[in-house]
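Visitor: As listed in TrEMBL for this protein:
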{"type": "BINDING", "residues": "D:Arg48, D:Arg54", "note": "NADP(+) binding site"}
{"type": "BINDING", "residues": "D:Arg125, D:Ser126, D:Ser127, D:Asn238, D:Ala239, D:Gly278, D:Lys293, D:Pro294, D:Thr295, D:Ser296, D:Ser297, D:Arg319", "note": "FMN binding site"}
Number of protein chains: 4
Amino acid sequence: MPGNGFGERFRVSSFGESHGPALGCIVEGCPPGLAVDEALIQADVERRRTGRSRHTSQRREPDQVRILSGVFEGKTTGTPIGLLVENQDQKPKDYRNIADRFRPGHADYSYMHKYGRRDYRGGGRSSARETVMRVAAGAIARQYLRQHLGVEVRGYLAQLGEIPLGFADWSAVDDNPFFCADPERVEELEAYMHRLRKSGDSVGARINLVATGMPVGLGEPVFDRLDADVAKAMMGINAVKGVEVGDGFACVHQKGTEHRDEMTPEGFLSNHAGGVLGGISTGQDLRVSIALKPTSSLRLPGRSVDVAGQAVEVVTTGRHDPCVGLRAVPIAEAMLLLVIMDHWLRHRAQNADVDAPGPRIPARPGE
Amino acid sequence: MPGNGFGERFRVSSFGESHGPALGCIVEGCPPGLAVDEALIQADVERRRTGRSRHTSQRREPDQVRILSGVFEGKTTGTPIGLLVENQDQKPKDYRNIADRFRPGHADYSYMHKYGRRDYRGGGRSSARETVMRVAAGAIARQYLRQHLGVEVRGYLAQLGEIPLGFADWSAVDDNPFFCADPERVEELEAYMHRLRKSGDSVGARINLVATGMPVGLGEPVFDRLDADVAKAMMGINAVKGVEVGDGFACVHQKGTEHRDEMTPEGFLSNHAGGVLGGISTGQDLRVSIALKPTSSLRLPGRSVDVAGQAVEVVTTGRHDPCVGLRAVPIAEAMLLLVIMDHWLRHRAQNADVDAPGPRIPARPGE
Amino acid sequence: MPGNGFGERFRVSSFGESHGPALGCIVEGCPPGLAVDEALIQADVERRRTGRSRHTSQRREPDQVRILSGVFEGKTTGTPIGLLVENQDQKPKDYRNIADRFRPGHADYSYMHKYGRRDYRGGGRSSARETVMRVAAGAIARQYLRQHLGVEVRGYLAQLGEIPLGFADWSAVDDNPFFCADPERVEELEAYMHRLRKSGDSVGARINLVATGMPVGLGEPVFDRLDADVAKAMMGINAVKGVEVGDGFACVHQKGTEHRDEMTPEGFLSNHAGGVLGGISTGQDLRVSIALKPTSSLRLPGRSVDVAGQAVEVVTTGRHDPCVGLRAVPIAEAMLLLVIMDHWLRHRAQNADVDAPGPRIPARPGE
Amino acid sequence: MPGNGFGERFRVSSFGESHGPALGCIVEGCPPGLAVDEALIQADVERRRTGRSRHTSQRREPDQVRILSGVFEGKTTGTPIGLLVENQDQKPKDYRNIADRFRPGHADYSYMHKYGRRDYRGGGRSSARETVMRVAAGAIARQYLRQHLGVEVRGYLAQLGEIPLGFADWSAVDDNPFFCADPERVEELEAYMHRLRKSGDSVGARINLVATGMPVGLGEPVFDRLDADVAKAMMGINAVKGVEVGDGFACVHQKGTEHRDEMTPEGFLSNHAGGVLGGISTGQDLRVSIALKPTSSLRLPGRSVDVAGQAVEVVTTGRHDPCVGLRAVPIAEAMLLLVIMDHWLRHRAQNADVDAPGPRIPARPGE
């Protein structure tokens, strides 16, 4: 496949450019009979929308999601769900000046050499604008997983630049424009972002994700392990440069006696593995962490070349996020939802009639 | 697909268990006319073989690779290449005692709940023994990429437990049993591993990989980005818990002015991105780093449960690596080779007749 | 994948129901730089449109195709092409009376048992209305294949009910509402269809297709043979019940000396194989023939059951084609174009650097 | 994928050439816990074996199938099943004389132009020898479908050359070397084949297949319809040139009132559709018919060209079947089994929790 779809049994294929007429996607494989709440789709899309605070791009898009097929009398029919979002606030003229030059740190150069041409308006297909469709599709997976399996996927900002952020409370996450789970730190973040925006520079971020209520058995060894597909889903988000499952890079200096999660009939005693062993979910919480690079769209000039190979100085105008990590939580949640949903359907294709012996070990209390 | 294959146009599908009669794989899509040097396949397989030093499992497998199809008169025909390795040194009896109990930190529990049964002999399919076939398949990709594109993929041990290791020289890597690129540190590693083995514990590791001579344009946005498939390939290796591309998690605290790789007609000025922008290769070196957890097969007892749900103590006998990271370099190289090979073929499917404007910017000198 | 897409490297995924708000598709993998003539897309869509003659359904749909992405400044960019057609002339009320009963010969019963529910409005997803998107997508493939390879795909009505129809002239095909290639027979067909429509019954048809200018080498043995994918594409068209390649069922009573197409340096001496040997194109014309069943939407009552399992009599109102074969030529052409296009891209993924020995044998003169 | 695999959730990938050291396949996705009877696999393979009568090729291959993985203690584990058949009776020298010339009606020419080279020994990969692995894999599907769903797939010779053959009795099929279901005709067939073999010529055949006990709901609209995948599976068998489902080409002259299968609470009243409506199984018998061309391997000389483009006369020596249709029944059964098995798993991925309203209508009595 040419790379615009994700998933095998719950498959999302998207189209659309940043400043084209519309973006859309097809969601295939959704089990029939799911009561789809359009307001919940719209709510998830709202969470990633630009222009909600002064810390994100000031592009104003209503991001109204239309359902064009696959839902009849409020429920899914099992046929493909077509979703469409029309672009409203395009300003292609903002990008005229970069039509023939490559912004450093952007996909301009790689797209041009891959395809021999590129839609330079706002990055075209390489823009994170495309992720609006992932979030809409993920919101359908969220409703299925919640209703049928009790799975919940949530994320929060774990680090902003040099500022590490703890976890206090899920309920705080949606009360601030940073997806910060510690309400006491919000003021500090406001001040940090204010200084950053004035400087003209940008900064990276780290996001943590947790899926609770996980079934045991998701993941297809040996290549399509659950964690392998999580890694692909996460690294496939714009600006992501690192992915960890469970303890991640901290494993490098751990001992085996420290890392292995011991089990008792009352439950797992720890969750260093992050809910995956041998590529298959254990029923413990799925723990994922990702690193996002600072956006390269800066008004501070950078050295580059143009299509003729001449040295040029590039200044990016247009409307951009000084920290793309700030809007990445709903996108990363959506991708994690898609992975879990897809593997749930794949799992039951092969194993619907499995009757596993022995009791299920509870997830570690307190996770 | 049920998860045992990797790649779309250069596809490797594997079968086989740790203590079954044989392992094998099919390599599909290899361009015809490639002169296949069997000795080079065998040499790569040798690099990951157990029993070469006292620091790895003492299982003695000749790992002799037979080519069963797809090569005629020394060259590939374009039809699928069947590869087979017969197991010689199985000791299934070593595993009788874990037949009805779940080793903590292993796939025993997750396999049992997924499939309702499991081949407990040496971990069955979940064993890293399966990776011998990946290395054999990767060795074919290596020969194509070297002969046709000048791409080389190499890796080295970047950290062993708490010991970070620098890079001195590629030629040192294969001269020691640690894939250490700094010959002066080998003695220290020997002592460390000696102590570790005596303690009965295990430890994690970090591996760095570099692909040089990369073409521009590999990767299929938006989901099958080159880095996304790299992440999947790496996280799909046994024991891997973290993946970074380019600066990885260091991006979190970087500023945009620091991270973006500026370009001049003479070349890129840095390579923080690790050779990928917008999911497409830039022609710079592809830089990847992975974290491997400590193996959970320990002779130090751990708490667990049995299939009846009763608390038990588990001691793992059998032959195991105290640091799986020590043999992971050839495996990780193989997976990276498979990703690059697959994306090369995918790229030219769509873009074989593209005539990109402007000169190619050289990779950063010194990389 | 859940069945709504076709092709691997040139992939078309569609969504939409007969009486939903819109139908759409995503065309992935199109080589960049293709000059897309929107009028040619619209022209192909016009050819399958209802309401053009009194012999087809009287539903009036403008079938205006909007390109939402993937084309920039008149040329493809290599990113997915989103196509949309809004439904205008829905009459869902026409179908209220079949909401709880299964029309004999329709997908009503099978959809209900597969999904547990169905969109009964005009057949929902099972309606041939969906094929409008296939035709639009096929029109893009047609432009590429014509411009880059000189391939042309054409079809004509070869039999209507008991009336076999010869081939006189391609130029006649689009001059009558039957896609008949023999202008002298058109009057007879008019009279036949007039009688049929008055009777309330429907009838089957046969369509012949020919692709000229074929490259040698398309098709991927052993399962994804060119003819195997042609068979799938054709049998995947609504109402198709039979597919032949080359001499098809006539091969049953042929002798080997009669069937094998001998070759001379001046050309093949016959084309019984229909342009495919061993699943790979020979460069001869690709010859395909398909059988379409009579539509089951009749105003003549039929026995059936309702969702409660009670016996009922079903009369289909709504607007229907008395011979679906009459509009199937553009659909079948589109599917054949998609198969050829996909296999062209797949072929060059593996074989772009093949330098085949020996001259190409010309296709049989006169074909 | 490069064409050597079939199925998505029950996937068979094969390798091997006619005169290479071995053939093999991987069967992925088989539900765990299936009791695999190796003797039944071997029995199916026996049915397609050469050399069982004087009417087939005299190549003597034991075709002993080894299970290399995926079965443990007599049951499937859910991991991939590796199957291997070593070639024993290769005679590559028989084919030296065709190394540089193209046999008319064979894949020699198309392979050479696709790949730039070919393994000429017995047709290499294009040989029907490869189908031994399909039969072995199909035998595993057969066991699952029989044990879990009560599905049976059977075929018989319906026409040999100009001799149409009726259906009398399934039990007769395996009692003669023709897979003829009418024991009274066997003598006639013996005489026909005797004359044919003496003449040096070959002939075509037609085979009918029936799957009984079909579940309702298999097939994935709109492209991966059950009948579409049946068509692909059948046309993907060597020498097949035509495929029909249900009434097939007879539909062309049928009226809608004649074709539509009416339903009553007691059962369907006919089965013209052949068990598929809208691409989804109805629970009626799945009826399929295929046409096989006469083999082109003849000792009667034919005109052709060599790799230098010079006119040559070709006589095929080696060992060949004068009617490939005679051994095609087990192969076609295997492919049909694979399609049904795959769609069963795909179906339950999406619809495992569907509770369809209303009773299931019985298949037509007497079918």
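Quick reminder: no glycine exception, Cβ is built from N, Cα and C everywhere.
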Visitor: Sorry to bug you, but what's the C-alpha spacing from D:Arg125 (FMN binding site) to D:Arg54 (NADP(+) binding site), rounded to the closest Å?
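Guide: Cα to Cα, D:Arg54 (NADP(+) binding site) and D:Arg125 (FMN binding site) are separated by 25 Å.
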Visitor: Validating a neighbour-count step here. Other CB atoms within 10 A of the CB of D:Arg125 (FMN binding site): how many?
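Guide: Its Cβ has 29 other Cβ atoms within 10 Å.
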Visitor: Check the Cα-Cα distances from D:Arg48 (NADP(+) binding site) to the binding-site residues D:Arg125, D:Ala239, D:Lys293, D:Ser297 and tell me which is shortest.
Guide: D:Ala239
Visitor: Would you count the other CB atoms within 10 A of the CB of D:Arg54 (NADP(+) binding site), including those on all shown protein chains?
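Guide: Excluding its own Cβ, D:Arg54 (NADP(+) binding site) sees 11 Cβ atoms within 10 Å.
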Visitor: Report the same-chain neighbours of D:Thr295 (FMN binding site): residues 6+ apart in sequence with Cβ closer than 8 Å to its Cβ, ordered by sequence.
Guide: D:Ser202, D:Ala239, D:His320, D:Asp321, D:Pro322, D:Cys323, D:Val324
Visitor: For the binding-site residues D:Arg54, D:Ser127, D:Lys293, which residues show a Cβ-Cβ distance under 8 Å to chain C?
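Guide: Answer, by Cβ distance to chain C: D:Lys293.
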Visitor: Using a 10 Å cut-off on Cβ-Cβ distances across all protein chains shown, tell me which of the binding-site residues (D:Ser127, D:Ser297) has the largest neighbour count.
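Guide: Top count of Cβ atoms within 10 Å goes to D:Ser297.
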Visitor: Return one of helix, strand or coil for D:Arg48 (NADP(+) binding site), based on DSSP.
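Guide: Note: D:Arg48 (NADP(+) binding site) is helical by DSSP.
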Visitor: What residue among the binding-site residues D:Arg48, D:Lys293 has the most other CB atoms lying within 10 A of its CB?
Guide: D:Lys293
Visitor: Name, in order along the sequence, the binding-site residues among D:Arg48, D:Arg125, D:Ser297 with a Cβ closer than 8 Å to any chain B Cβ.
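Guide: Cβ contacts with B, in sequence order: D:Arg125.
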Visitor: Please report the three-state DSSP label of D:Arg125 (FMN binding site).
Guide: helix
